[in-house]
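Worksheet: one structure, shown below.
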Amino acid sequence: MATPLPDFETARGGGAVASSSTTVLPSSVSSSSSSSRPLPVANSFSDDAEEISPILIFLFFHKAVCSELEALHRLALEFATGHHVDLRLLRERYRFLRSIYKHHCNAEDEVIFSALDIRVKNVAQTYSLEHKGESNLFDHLFELLNSATETDESYRRELARSTGALQTSVSQHLAKEQKQVFPLLIEKFKYEEQAYIVWRFLCSIPVNMLAVFLPWISSSISVDESKEMQTCLKKIVPGEKLLQQVIFTWLGGKSNTVASCRIEDSMFQCCLDSSSSMLPCKASREQCACEGSKIGKRKYPELTNFGSSDTLHPVDEIKLWHKSINKEMKEIADEARKIQLSGDFSDLSAFDERLQYIAEVCIFHSLAEDKIIFPAVDGEFSFSEEHDEEENQFNEFRCLIENIKSAGASSTSAAEFYTKLCSHADQIMETIQRHFHNEEIQVLPLARKNFSFKRQQELLYQSLCIMPLRLIERVLPWLTASLTEDEAKNFLKNLQAGAPKSDVALVTLFSGWACKGRKAGECLSPNGNGLCPVKTLSNIKEVNLQSCNACASVPCTSRSTKSCCQHQDKRPAKRTAVLSCEKKTTPHSTEVANGCKPSGNGRSCCVPDLGVNNNCLELGSLPAAKAMRSSSLNSAAPALNSSLFIWEMDSNSFGTGHAERPVATIFKFHKAISKDLEFLDVESGKLIDCDGTFIRQFIGRFHLLWGFYKAHSNAEDDILFPALESKETLHNVSHSYTLDHKQEEKLFGDIYSVLTELSILHEKLQSDSMMEDIAQTDTVRTDIDNGDCNKKYNELATKLQGMCKSIKITLDQHIFLEELELWPLFDKHFSIQEQDKIVGRIIGTTGAEVLQSMLPWVTSALSEDEQNRMMDTWKQATKNTMFDEWLNECWKGSPDSSSTETSKPSPQKDNDHQEILDQSGELFKPGWKDIFRMNQNELEAEIRKVYQDSTLDPRRKDYLVQNWRTSRWIAAQQKLPKEAETAVNGDVELGCSPSFRDPEKQIYGCEHYKRNCKLRAACCDQLFTCRFCHDKVSDHSMDRKLVTEMLCMRCLKVQPVGPICTTPSCDGFPMAKHYCSICKLFDDERAVYHCPFCNLCRVGEGLGIDFFHCMTCNCCLGMKLVNHKCLEKSLETNCPICCEFLFTSSEAVRALPCGHYMHSACFQAYTCSHYTCPICGKSLGDMAVYFGMLDALLAAEELPEEYKNRCQDILCNDCERKGTTRFHWLYHKCGSCGSYNTRVIKSETIPPDCSTSS
């Protein structure tokens, strides 16, 4: 399942601005990974065309990776369904892909994301963390591949599932980069900066991998795309011809660096040959971009072979590395002591940079030993523990420096920091010296003994190629600067002799850099007669070589060194914008990274700089080196707390060791989601041999999970993430997770499609099997059809297993990163009250039916303590609502609950609820004989008890008192009609007849509701169509929640209240489209929903659709009123106009700007003559036009002479400020807000200047 590259709009020129939120990349790379369609803009990189963003070259890599993942997963599926597949070849191709992808990710972390984080915060960290998750997937896959048991069917399926999960995860990650990262890079960086970033990216990949990386991409894309890639590289690689030759030699696959650096030719070749868009003999057909239109004959000089007559063994050069590193560490330790003595912070950044440099050198040196030297030696040597210890010590050292920087010079702990600084420096130096000594006495003697002179030279060259170009450019002059002249010359001899002949340009570059470490760039060749490759390169003869714009600069020739070096400084214009900043030098690299310095003897070497160590964008390098070393040793992903960026250091400092916050309850849903994902993953393995019942149950569980996941992701996208983004420091932090939700929703949809097809196929197979049993025929045609169906069913079942595995891994990774990155942000940036509001906002958009299903689903995945904490948080967020009452009624009415107290979730709450029910039974349905026996004093005593009960709501008290006072009359009314009815009609009940909403059409119901039943009122035991019909003819109100019986108006049978008629003759006749078991509400006409927080049924589509419940106001509001002014329990009052209780009113209610409410009809009538709130007196809307009219009126009005100098003190009802204004008999304008909604608080005569406010 390859992820197609999105259609992007061409981003031209320097820093093209993205349209909307996503910049579109060229359609030339928009074809899917499996497409070989020619590119429509193959010449868009030409000099005549407008410039296209260099960032787009990454799309070629994405396409190559997606194509290879798709091809490998297809092989794994074939293997799982019984086809023959060479597992060895599959394993090698995956190993190659992993190596390529790992180095790409490391370079991305070092360069791309570091650069992006400079301009756009809160984006890079998520993608870096995803790299670690993908590394874990590769680890798991290789565990399977290394334990191959081809005969085990479960192994085959697990392999297919794992390859599918890897493909899905990587494809989604790359697609997100294309939608978010690339557009941001194009938008925020100029063209020259983009080219610099891509060039530094290439220079940050180890040389031995870059030699594989470029030709593999080129072989994985179409011919036109390959040409476009070459043209793009011309614009990216600096114009110096030597650099162009190095890169395009690799791109054409002409270099032997791959073979020389222990990357198997067979593995590389098999990956090239198996690529879906492999171009045979590509190197022979496609020219290097530095060559002309015709392939010329190029005569490369033979690299000087200095023979092996020297007594020194080349492998002893490892001691030179050790010596230089020890020297540098000693200088660092001395510098630390100087800082301690002086207490000067000014050089701390330079000190930190120097430490980073030597740490990177040590890490790559250790990597070279682990991957090149030690495996070649026959002895079983491993210094991985020493290497890990050194890396950890360097990391601790850098963290200490960061702490010193953050503490500041005035810190009282500065002295302690400096002491630790010296101690750490001495400790690292001691560790390194001990480690180097052990290597020199254990490993080097065996290497001298077992390897020929030539082999030792080759190993040294391979070790150097473990480093990236960016580091080699700094290391070689640094190393040669610390050597004697003889040591430096021998080092250069061995370097040149150990390289393959095809690497002439690369060795030339290395040699020139090495010479820069000597005084005045002195050439290190034994004499000045041209043996130095930098000099001999100028003798290259080109036949029929046409000039190339990308290679316009002339290499160093026999001209004067001065003119050569002057020419080197003439870099292409596109680089000057980036490289014009001042070069930074560190104490260890003075005069080393400054390019060549001509000398008078004409023997200086001049080669071009890469231009990436002048770090204008301040990109890091050490973290990528650490990541490479970690992954190379034990194939495990780096620890999550090994920072890729400095700002990650405190990423784990939140969320642990603190009391659980309200928002944590939202993340409790992650546990339930993970539990169901595990269920789908495991149970999907049983789909091949199962019955129809199992498939139906599996589909049901899948739909349940899909629904709850959708509700959860919508809550995050609509509420949680916008809350995070509202904080200025957290912009962009959630965009990646929003993209995850869209991708995961598509995965659910894909699974649903396959599951539906699988279910239909299973039914067909069962039907065919039954038909065969009946007909007892066994024709050849039937056998063929059944065989094809069974084969297709097995393929679909295997595919579905992989998809379930993929969605489990994808969602688990998504959940893990959310909890790691986003969860701590709520504790850091949101107060408890803000978190309560967020929780209330989320559950306030969740309907009763969803909550009723969701709560048991979530709590089943939690411990008892977690359940209690979650419910406490929910009740705190809903403290102003009826949620607790609804919760009790739901648990009481649950079909799974019994009448016993022990089966109820909350015994204490149920006891309270039972007490209310007992009181209700005693107060609302008394026996009439008992009522008649109560005297007036006893009745008054009961009423006083109600008034004194502080646990009762005031509305409840009024209702109970009213019923007590009318109880004698109610009892009499209950007795007399029953007796009369019994005397006249025997068992016939009053009202036992149908009523009609539309008598002509025979539609059941009443004037208030369309429904097919009547309700028996608990208060008077009579049948009424609805409570309004009851209240209309009675002097008391009907409590519909106490209704237990109903009458079906079709069969006229009284039965327990429910959604359908239980009489057999009615055959499940529905009482209404909407039935609420709590409110006992039936409505067959309107859209109605039950709000669990109002604990009432309201007209509307539902919470989260067209309404939400505000937990502060305790009312349901339209979705457009999200940003309203809250007043606690504002709807639990009477309408200020008609005095009807608003909370239970069925009429439309209008929210006023001040936060109060009134009926919409009352508002219309009231505003005909008033414009202020009848409760608080504030203006009911924007009165600017009206106030402007009053301004004009007063301006035209002239006061009598005796009132002109009189002023009045006023209080503004709108802004609540006091002020002074000129006298008027009616209108007084507020000097602060300009409102005329004011009142006079004092009148007096003062000087004319009286237009003030306070």
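Yeah, the Cβs are placed from backbone N, Cα and C, and that goes for glycine too.
Taken from Swiss-Prot, the feature region 'Disordered' covers 1-40 (among others).
DSSP assigns Glu108 (site 'Required for iron-dependent instability') to a helix. All protein chains shown were included, and the count of other CB atoms within 10 Å of the CB of Glu108 (site 'Required for iron-dependent instability') stands at 23. Per Swiss-Prot, the feature site 'Required for iron-dependent instability' maps to Glu108 (among others).
The annotation transmembrane segment is assigned in Swiss-Prot to 201-221.
When other Cβ atoms within 10 Å of the Cβ of Glu369 (site 'Required for iron-dependent instability') are tallied across all protein chains shown, the result is 22. According to Swiss-Prot, the site 'Required for iron-dependent instability' annotation covers Glu369 (among others), on the basis of experimental evidence.
The annotation region 'Disordered' is assigned in Swiss-Prot to 893-913 (among others).
Marked as compositional bias 'Polar residues' by Swiss-Prot: 895-906.
The zinc finger annotation in Swiss-Prot covers 999-1068 (among others) and rests on sequence analysis.
Swiss-Prot lists 1071-1134 (among others) with the feature zinc finger.
If you draw a 10 Å sphere around the CB of Cys1113 (Zn(2+) 6 binding site), it holds 23 other CB atoms from the protein chains shown. Summarising the annotation, Swiss-Prot assigns Zn(2+) 6 binding site to Cys1110, Cys1113, His1124, Cys1126 and lists sequence analysis as the type of evidence.
Residues 955, 1094, 1096, 1099, 1113-1115, 1117, 1121, 1124-1127, 1183, 1186, 1213, 1237 of the same chain, all 6+ positions outside the zinc finger (1135-1176), place their C-beta atoms under 8 angstroms from a C-beta of that stretch. Annotation comment: Swiss-Prot describes 1135-1176 (among others) as zinc finger, evidence class sequence analysis.
In sequence order, Cys1110, Cys1113, Leu1117, Ala1151, Gly1155 constitute the residues six or more apart from His1124 (Zn(2+) 6 binding site) in its chain with CB-CB distances below 8 Å. Other residues of the chain with a Cβ within 8 Å of the Cβ centroid of Cys1110, Cys1113, His1124, Cys1126, the Zn(2+) 6 site, are Thr1112, Cys1115, Leu1117, Leu1121, Lys1125, Leu1127, Ser1130, Ala1151, Gly1155. Spatially close to Cys1126 (Zn(2+) 6 binding site) yet at least six residues away along the chain are Cys1110, Thr1112, Cys1113, Gly1155, judged by Cβ distances under 8 angstroms. DSSP assigns Cys1110 (Zn(2+) 6 binding site) to a strand in the three-state reduction. On the 0 to 100 pLDDT scale, the model's mean across the zinc finger (999-1068) is 91. Counting every protein chain shown, the number of other Cβ atoms lying within 10 Å of the Cβ of Cys1110 (Zn(2+) 6 binding site) is 24. Reduced to three states, the DSSP call for Glu369 (site 'Required for iron-dependent instability') is helix. On the backbone, the CA of Glu108 (site 'Required for iron-dependent instability') and the CA of Glu369 (site 'Required for iron-dependent instability') stand 25 Å apart.
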